[in-house]
There are 2 protein chains.
Amino acid sequence: MHTVKHIQELRQFIRQTRWNRPEARIGFVPTMGYLHQGHQSLLDTARRECDVVVLSIFVNPIQFGPNEDFSRYPRDEERDMAIARAAGTDIVFFPQVEEMYPAPTKTIVSVSGITQRLCGASRPGHFDGVATVVTKLLNIVQPDYAYFGMKDAQQVAVIEQMVYDLNIPVTIVPCPTVRESDGLAMSSRNVYLTAEQRRQAVVLSQALDTAERMIRDKRDGLSADELREAVTATIRTAPLAEIDYAEVLSYPALEPIRALSEADRIIVALAVKFGSTRLIDNRLFHLRA
Amino acid sequence: MHTVKHIQELRQFIRQTRWNRPEARIGFVPTMGYLHQGHQSLLDTARRECDVVVLSIFVNPIQFGPNEDFSRYPRDEERDMAIARAAGTDIVFFPQVEEMYPAPTKTIVSVSGITQRLCGASRPGHFDGVATVVTKLLNIVQPDYAYFGMKDAQQVAVIEQMVYDLNIPVTIVPCPTVRESDGLAMSSRNVYLTAEQRRQAVVLSQALDTAERMIRDKRDGLSADELREAVTATIRTAPLAEIDYAEVLSYPALEPIRALSEADRIIVALAVKFGSTRLIDNRLFHLRA
């Protein structure tokens, strides 16, 4: 496994790979580090599907708001490297902020519509920061495939839209959310939780189970409002949970719906704070056969 | 020479080229067609410097304002093909609007700062449209070099900034403005001019000559205001000329200056309307040895 800190060095490696093995499929897993089994499953999928696997670890400052957790975002370089190595990663790209932003960027990639709601509404500018850094990373790595976790379903929708609109020559591969045994979605931010918050955090996946049961039992007559209310009621059973949003929208356009029958696919999407820790989770439902 | 209308077909050609000749340098000249000697010199430079020359002809709707000349922008496919062939072009990419924008784009690439003044101020949204379509074209063609004329000096500054910020793997090659024998900068829009407007349009390059003389004669004491006033006075000698802007700014940041000594490079940039035809021109001055 090669660890690369500089863009030019990475480009050189990719160029060499393309030159020596023009048929090689290059797979890319962009992360902010503090790797967990979710990231590991992205690496595993990339390893199965590609000849060369590139992992990037970069906590991207421009996707954090001024009062968010950029400076305290958890980091553990040594453990990340061990996980990357165990997953059969070929290259870890590990740039410093000065390498990615030698000067404040004047160029922003911005996706409208999809970014209006959910985390786009709660975290203004967040998805501009995500779209911009993902564009940069895709231009640096130039992979054939890029792997993203569906826990960040809105991020996946934004990136797929961006790749489509800008004709970026990459295939985006969304991968299923990986969960703890009690159902909590894996997240680097879970480490922030106190023991009691951690116990109660299971309420996010329980609320999504509630949604799944309701949709299974009475799909036809169900309104988005009824579903949202039931989900919200489930979350409220956890006394430490503070709801940022609990929404039922079409996917991937992320537009409001009234009857569930209005969309082919819907997403039930949650953001819930425990103290200052904000967790997200979601489930997608294919409603038409 | 191959003429290609579809993105997939072009990608296939590029992939084949990279596969068969991994060392080949691919040069790209993006244009809006109605080719003149300015475009021809871009093609000539690309031909000299590269192994494969790709020309695109696409009148990009999203860089035109609602009251601008998108629908009447001059087109002459047959002549364009003859010029491209004579210049030794390998591929002409000639997409329809529906190919480039199958749906209205939700993704915009936006460069701040540099785009505030000059054409950015006169044509709101123009440079978002330019940055977005150039990103798309660079992602489709994936050239090693891309050639742009310095008549659009602000466009060159915007694209160089964008390529730098987004780590786009291409080298931008700015090429000198080509002029008619009387000094008028070549432009597809010159065809709009009446005979009398055409005669008076020489005043743009005359105004730039005025600036050049003033800078040569009294570089040290000269203020940007004095220079701007002299340039403006020259343009006003043409009765049909209506000044959109006549500015003296730093280059490439395009920031206001007071004394010329404040910047290493300055640009004298003009936009002048003759009837409904808007012409631009500029000259760069390197002030420090």
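Any Cβ shown, glycine's included, is placed from N, Cα and C.
Here TrEMBL flags B:H39 as active site, proton donor. Packing around B:H39 (active site, proton donor) is summarised by its Cβ count: 26 other Cβ atoms lie within 10 angstroms of its Cβ, all protein chains included. When secondary structure is read from DSSP and collapsed to three states, B:H39 (active site, proton donor) falls in the helix class.
Remark: B:V178 (ATP binding site) has B:H36, B:Q37, B:G38, B:Q40, B:S41, B:G149, B:A185, B:M186 as non-local neighbours, by Cβ distance under 8 Å and separation of at least 6 in sequence. For B:32-39, B:149-152, B:V178, B:186-189, the entry in TrEMBL reads ATP binding site.
Look at TrEMBL and you will find B:Q63 tagged as beta-alanine binding site. Cβ contacts within 10 Å of B:Q63 (beta-alanine binding site), excluding its own Cβ and spanning all protein chains shown: 21.
The feature (R)-pantoate binding site is assigned by TrEMBL to B:Q63, B:Q155.
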- Task: Could you say whether, by DSSP, B:M32 (ATP binding site) belongs to a helix, a strand or a coil region?
- Result: coil
- For B:M150 (ATP binding site), just count the other CB atoms lying within 10 A of its CB, please. 18
- Just the number: how many Å between the Cα atoms of B:Q155 ((R)-pantoate binding site) and B:H39 (active site, proton donor)? 15
- Message: Give me the CA-CA distance between B:M32 (ATP binding site) and B:H39 (active site, proton donor), in Å, as a whole number.
- Response: 10
- Query: What is the total of other Cβ atoms whose distance to the Cβ of B:Q155 ((R)-pantoate binding site) is within 10 Å?
  - Reply: 23
